[in-house]
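Here it is, the structure in full.
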Amino acid sequence: MTNDEILNLRPTWLEIDLKAIQENAKKVMSYAGAKRLIAVVKANAYGHGMAAVAQALLEIGVTDFAVATVGEGVALREKLSQENVTITLLGVQDVKQTPIMVKYRLAPAVGTTAWLEEAMSQITSGQQLNVQLAVDTGMGRMGAHSEAAVKSLYDVIKSSEQLVLSGVFTHFATADDNNETYYKKQVDSFYQWVQAANIPADYWHLANSGSAIWHHNEIDTNTIRVGSVLYGYNPGTPDLPMPFELSSVLSLKSKIGSVHRLETGESVSYGATYTAEMPQWVATLPIGYADGYLRRMSGMKVLVDGHIEHVIGRVTMDQIVITLNKMYPVGTVVTLIGQDGEQKITLEDVANYAKSIPHEILTTLGPRLPRHY
Ligand SMILES: *Cc1c(COP(=O)(O)O)cnc(C)c1O
């Protein structure tokens, strides 16, 4: 058996529905009126497994992908070497890695002419670097931040034989909440600056998930650049309902590893924070905060045999203890995220309980969890 096969046997696992990801890609494109999708698969495709997700999207015709780091880009390029597959790097990159970006055909987001000048000095003649012109209209992380700055970046790219423009983009800070004023200001700046610089509309991509869902009428959505919606969850604040239904993608499950009875007055886990008030059945599951089931999840509900039970005592690195209404056999499946009979625990439920957001919950799901597709 290979190491991967052994990892896959672990009685705690993620179930990932790749068809649901394909459906969500189609749904958001059609809802936003998009012709082209840049699929954001950074952070191991938000925890779902970059290679499998990218392959599934490729099968429905998606050929444009975005990741955050050079390392992620290289890993993806090794899976998808096709000529027509583009890979954008969304974050600021270390310019010293330019030769790697050239070799693996990765298109970094670029926000300053100084970065471009230094990159050009590292590109051997006859080779080219694709770049994404980043426009900072209010996110405040990176990018050209004025009409003049956009124009001078575009001028450097246009006049260089070593540089090829792949796109021009901005990123919204408030697309997923109700701050319309800030959003509109970002939209206005983008249009004003790229139009003043004469950058053709074919290059534009603005919409992240929140914009594609709640603002598609206010911006150009020919090309959208989305992550969250692909993975089937509402990217917005809890007061913003989804205007269409997404297919759910991910479940987190574990199997009961041991069952025992607590007598009145007996406690569970570090700190002995939970004490039985009457005799009760409890079960131990082989999952803990090292898997991304956060310490804050103590007290959260889980599903056993179609009904609700709860995590008791502290979440430990590798194990948790749950209540049981009666004895269940070792090996019984417990659902921590997902559906069991009539009951459902969504990723959003888990994120709310942990006072976090779905993105953070997903990207902390550890590499020790096998992904079953
Ligand atoms: C992560 C990221 C996205 C994807 O955002 P979602 O809200 O998950 O759709 C898009 N653009 C940039 C620049 C990003 O960093």
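In case you wondered, yes, glycine gets a Cβ from its N, Cα and C as well.
All annotation found in TrEMBL is predicted automatically rather than curated by experts.
Pasting the feature list from TrEMBL:
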type	residues	note
ACT_SITE	Lys42	active site, proton acceptor
ACT_SITE	Tyr270	active site, proton acceptor
BINDING	Arg141, Met317	substrate binding site
DOMAIN	249-373	domain 'Alanine racemase C-terminal'
MOD_RES	Lys42	N6-(pyridoxal phosphate)lysine
Taking the Cα of Tyr270 (active site, proton acceptor) as the centre, which of the recorded positions listed as Lys42, Arg141, Met317 lie within 10 Å of it?
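The recorded positions close to Tyr270 (active site, proton acceptor) (Cα within 10 Å) - there are none.
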Looking at the recorded positions Lys42, Arg141, which one has the fewest other Cβ atoms within 10 Å of its own Cβ?
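Lowest Cβ count within 10 Å among the recorded positions (Lys42, Arg141) is Arg141.
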Taking the Cβ of Met317 (substrate binding site) as the centre, count every other Cβ atom within 10 Å, in any protein chain shown.
10
In the three-state scheme derived from DSSP, which category covers Tyr270 (active site, proton acceptor)?
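Note: Tyr270 (active site, proton acceptor) is helical by DSSP.
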If you measure Lys42 (active site, proton acceptor) to Arg141 (substrate binding site) at Cα, how many Å is it?
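Lys42 (active site, proton acceptor) to Arg141 (substrate binding site), Cα-Cα distance: 17 Å.
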Take the domain 'Alanine racemase C-terminal' (249-373) and count its residues per DSSP category (helix H/G/I, strand E/B, coil), listing them in that order.
22 helix, 49 strand, 54 coil
Tyr270 (active site, proton acceptor) has how many other Cβ neighbours within 10 Å of its own Cβ?
11
